[in-house]
Amino acid sequence: MEMEKNQHISSLDIPVIDLSNPDEELVASAVVKASQEWGIFQVVNHGIPTELILRLLQVGMEFFELPETEKEAVAKPEDSLDIEGYRTKYQKDLEGRNAWVDHLFHRIWPPSRVNHKFWPKNPPEYIEVNEEYASHIKKLSEKIMEWLSEGLGLRHEALKEGLGGETIEYLMKINYYPPCPDPELVVGAPDHTDVNGITLLVANEALGLQAFKDNQWIDAEYTTSGIIVIIGDQFLRMSNGKYKSVEHRAKMDKEKTRISWPVFVESSLDQVFGPLPELITGDENVPKFKPYVYKDYKFRKLKKLLLD
């Protein structure tokens, strides 16, 4: 099975959905279909200005090009149990290959959870650009959540409310993958599914994201102005299995620096989530997953403990 899983093809393309199509019903249907069959898709003409995305990429790259001492000004404290801050992460994937990536985590919404201590002061535009991007990405994510809720036959607020409503958190992560002379020995990010509800990601021109479908790894082709949307575990479980939490990974590039900006849309740690009650309607629609407090689910998944 492992040999099969390591097979790689590029003949399939992840779905690309044009949000400027005036037929919103058609757009919503495409989003639902992609979430059911793939768990990953790209949206284009999504309303977030291309100039803003390019500025986001620029200030992020400038931060990671700073001397290490400057980056350490926003480092994750050694004794912190939270995730926010800058750090260099080393780990091995299931095949024993080294995985390394420098990264920076900080929340961008809601305001009550934003800690500017972990937002770089250099480059000077960093805070302004990220605040502007946060307002746009929140609006886009809420629209996608509405379509996904309606795709379940529910009120358009259902998934947002199930995730926590106004307490939903938006966690920005910047992944910085330096060039690697031998990508076969190193991976950028090991195979995984996201624990959260939905992830919205932009990246620079160095491709490297792969998704697992039909027992094959597929290169995710994308443009720097497009947004990659990834369905996570919370929406898999809240939809009672109707939406797919896609397994994905990041590979290294021999010559180019790859950098990506996922925003994880997730519950607060104390939020209870599970199959939405409206979907559990009788013997044919029994719950497929146990409900969890989000922090307990994250802990059990991290420790590879039994979940259901």
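Glycine is treated like the rest: Cβ placed from N, Cα and C.
Just so it is clear, the model here is predicted, and its values are computed rather than measured.
Annotated features in Swiss-Prot:
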BINDING   ASN175, TYR176, TYR177, ARG258, ILE259, SER260  2-oxoglutarate binding site
BINDING   HIS192, ASP194, HIS248  Fe cation binding site
DOMAIN    167-267  domain 'Fe2OG dioxygenase'
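Features as recorded by Swiss-Prot, highlighted on the structure.
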| residue | record | contacts (Cβ under 8 Å, 6+ apart) |
| --- | --- | --- |
| TYR176 | 2-oxoglutarate binding site | PHE64, VAL101, ASP102, HIS103, THR257, ILE259 |
| HIS192 | Fe cation binding site | GLU247, HIS248, ARG249 |
| ASP194 | Fe cation binding site | ILE230, ILE231, GLY232, ASP233, SER245, PHE264 |
| SER260 | 2-oxoglutarate binding site | ILE174, ASN175, TYR177, LEU201, VAL202, ALA203, ASN204, LEU209, ALA250 |
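Here the domain 'Fe2OG dioxygenase' (167-267) returns a mean pLDDT of 92 for the predicted model. In the three-state DSSP classification, ASP194 (Fe cation binding site) falls within coil.
Within 8 A of the CB centroid of the Fe cation site residues HIS192, ASP194, HIS248, the other residues of that chain are ALA189, ASP191, THR193, THR199, ILE230, GLY232, SER245, VAL246, GLU247, ARG249. Reduced to three states, the DSSP call for ASN175 (2-oxoglutarate binding site) is strand. There are 22 other CB atoms within 10 A of the CB of ASN175 (2-oxoglutarate binding site), with all protein chains counted. The record assigns ASN175, TYR176, TYR177, ARG258, ILE259, SER260 to the 2-oxoglutarate site; their largest pairwise CA distance measures 9 Å. Across the domain 'Fe2OG dioxygenase' (167-267), DSSP assigns 7 helix, 49 strand, 45 coil.
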